[in-house]
């Protein structure tokens, strides 16, 4: 029986609508609307598309969106100064610097310059550490979005055998922590892992994030497994495809995400949720200081 499709586009639309309702309620109570600053360095075509989608989603949800499009040759110091000003800006609750950055700018330095309470990407070491320690904090958008998708399947995650393919700081590592926190038994596969196919076959849940189109073949997927394809790759033909052979895998999986229309929309929806959470957290900090 073909897998059920985890429609991230539809679920994300509902999540964005809920954020919009919450923003409207804030304004009715006399609170300011949440504010997000998005910084784009250079004009990487893919990054520019992602940034446009994020800004549009903010506007639709009633979130204040400020755009900072910087030249590709901007110095690291100038970028850090911009972040410092946004850290101090009372109208801004979230700061997002679109990655990747040009080679002359150190990404980790930039990430660590963002105030952790405004780090809506969830990449700051403080927020990563809080995730590892199972403490409240701003969580990386894509893994948090994946957990929302999994919740919509109604499947009990506790005790499941999960395989995460990829160990990036953006997806693989925080995804592993999210699944550990859900009490899964997690195996991480990377470029030095042996017998990857066999490890995947044994999994109840597979999360693929390696950036290699079709790497995970259909016969790697165990019968009834849940497959989350985070990969998004553009082929020479212009077609977008994931890391999983969708057609073959969908004949074995119980649930599977499409590419596009699976995880991508959830990442954007989660960014809005994080921005709303950041605004609420700052409200609490302000009230506590009074």
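Quick reminder: no glycine exception, Cβ is built from N, Cα and C everywhere.
Note that the structure is a prediction, hence the values are computed from the model and not measured.
Binding site for NADP(+) per Swiss-Prot: 166, 167, 168, 232, plus 191 from the candidate set 75, 191, 254.
A C-beta separation below 8 Å, combined with a sequence spacing of at least six in one chain, links residue 168 (NADP(+) binding site) to 209. If you take the C-beta of residue 232 (NADP(+) binding site) and look for same-chain residues 6 or more apart in sequence within under 8 angstroms, you find 240, 241, 242, 259, 260, 264.
For residue 166 (NADP(+) binding site), the same-chain residues that are 6 or more apart in sequence and have a Cβ closer than 8 Å to its Cβ are 172, 189, 190, 208, 209, 210, 211, 230.
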